[in-house]
Amino acid sequence: MDEVCAAPAPKKMVAKSLVLNTFRKASVKEVVELKKPWKKVLWRKQDYPDNFIDESFLNGLQRNVNIQVTDFWSLVADSLPVSQHLSSVVIFASVFVSIYRNQLSCALVGFVSNVSAVAAFILWDFVLRKPCNNRTFPNYMGIVKSCILIVLTLAGLSPILMSLTKSTSPDSVWAIAVWLFLANVFFHEYTTETIRPHVRLHNSLSTNAALSASVVLASRLEKSINVFFFILFAVHWFALFPIFRKYIHVFSFYADMLMTLVLIISAYIALNAVASVVIAFVFLSLIFFISFICPIWFIKLQRFKNEIHGPWDIALPKLGPSKG
């Protein structure tokens, strides 16, 4: 039997199918071209699915735009206020221990504190406040009245403060003082870029905590005159001396560094006298860690910073003088 072979399709049918396929492809292409370009907006209904991601979606992505790379010595300079305040707390605690052990005269502490406060005020008035753009003329009469009021108030309250913790065990007094000093260190304002005339909440909490700790410690002294001089020293040390340190920091880096070294050395000598060499060495190690190891650590961690910005972020208003 002869093999049956399929007859070839007519030429007209082949041409017709080619025309139809070409028309379909052209129609699909026209439909795609008729779509409007995708825009990165949510409020407009577009001819694209909700999960559509255009190739231009991340064109506006920016990484680490606002990061400021700081050098080592700038970070060391920024760590000086921390070292200064820690040294100040250590010096104050060492002075109290020396007075409590009758190794140091409280009257001598009060005299040195008053003389230092007057000298610091003269230095601030004639030297420090001018480079800091502090053009306000100080009210000397008001300052004198405030000083007299503080002295008279402390003199009147000293007998009362002396008997404040008579019924409290010494261990409880030391524990309360330690916690208050920790609050002082934690809430202290270490930013010194500008001298702000207003008082911040956390800075006032720090000062109040230190003065409260001073009152608690002063209540363990035996004479009311010692309580008076010790609290007066605390007012100078925790209320006025931090302000003076800020002006020194703004005035000169070298003066700030010199004052930091003096405070650290004084704190080391004081700890060595009232405690031991081991505790003094631990304090120096802590200061070294804060001043040198932490800046290096911070610089190393900056390379892991990944902050992204783009046109999808919330617009920030640009405030300035109005035109016209």
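Cβ atoms here come from the backbone N, Cα and C positions, even for glycine.
Swiss-Prot lists 1-79 (among others) with the feature topological domain 'Cytoplasmic'.
Summarising the annotation, Swiss-Prot assigns transmembrane segment to 80-100 (among others).
Annotation source Swiss-Prot lists topological domain 'Lumenal' at 101-107 (among others), citing sequence analysis. Residues of the same chain lying 6 or more positions beyond the ends of the topological domain 'Lumenal' (101-107) and with a Cβ under 8 Å from any Cβ of it are 95, 221, 223, 225-226, 229-230, 274.
According to Swiss-Prot, the feature transmembrane segment maps to 108-128 (among others), an assignment based on sequence analysis. Listed by sequence, the residues of this chain that lie at least six past the ends of the transmembrane segment (108-128) yet keep a Cβ under 8 A from its Cβ atoms are 95, 99, 138, 143, 228-230, 232-233, 236-237, 240-241, 244, 247-248, 251.
Positions annotated as topological domain 'Cytoplasmic' by Swiss-Prot, on the basis of sequence analysis: 129-140 (among others).
Through the fold, the transmembrane segment (141-161) approaches residues 121, 215, 218-219, 224-225, 227-228, 231-232, 235 of its own chain, all at least 6 residues removed from its boundaries and within a Cβ separation under 8 Å. The transmembrane segment annotation in Swiss-Prot covers 141-161 (among others) and is backed by sequence analysis.
For the topological domain 'Lumenal' (162-171), the residues of the chain that approach it from at least six positions outside its boundaries are 215-216, 218-221, 223-224, 227, judged by C-beta separation under 8 angstroms. Residues annotated as topological domain 'Lumenal' in Swiss-Prot: 162-171 (among others).
Annotation source Swiss-Prot lists transmembrane segment at 172-192 (among others). Long-range contacts of the transmembrane segment (172-192) within the same chain, counting only residues at least 6 positions beyond its ends with a Cβ under 8 Å from a Cβ of the stretch, are 81-82, 85-86, 89, 93, 165, 200, 202-203, 205-207, 209-210, 212-213, 216-217, 219-220, 238, 242, 245-246, 249-250.
Residues or ranges marked as topological domain 'Cytoplasmic' in Swiss-Prot (evidence: sequence analysis): 193-223 (among others).
The annotation transmembrane segment is assigned in Swiss-Prot to 224-244 (among others). Residues 85, 88, 92, 95-96, 99, 106-107, 109-110, 113-114, 116-117, 120, 124, 128, 150-151, 154-155, 158-159, 161-162, 184, 188-189, 207, 210-211, 214-215, 217-218 of the same chain lie 6+ residues outside the transmembrane segment (224-244) yet bring a C-beta within less than 8 angstroms of a C-beta in it.
Positions annotated as topological domain 'Lumenal' by Swiss-Prot, on the basis of sequence analysis: 245-250 (among others). Across the topological domain 'Lumenal' (245-250), the model assigns an average pLDDT of 87.
With a cut-off of 8 Å between Cβ atoms, the residues of this chain six or more beyond the transmembrane segment (251-271) that come close are 77, 80, 83-84, 86-88, 90-91, 94-95, 98, 127-128, 131-132, 245, 279-280, 283-284, 287. Positions annotated as transmembrane segment by Swiss-Prot: 251-271 (among others).
Taking Cβ pairs closer than 8 Å, the topological domain 'Cytoplasmic' (272-276) reaches residues 94, 97-98, 101 in its own chain, all 6 or more past its ends. The topological domain 'Cytoplasmic' annotation in Swiss-Prot covers 272-276 (among others).
Remote same-chain residues near the transmembrane segment (277-299) are listed as 70, 72, 75-76, 79-80, 82-83, 86-87, 90, 264, 267-269, 271 (criterion: CB distance under 8 Å, separation of at least six residues from the stretch ends). Taken from Swiss-Prot, the feature transmembrane segment applies to 277-299 (among others).
Feature annotation from Swiss-Prot assigns topological domain 'Lumenal' to 300-324 (among others).
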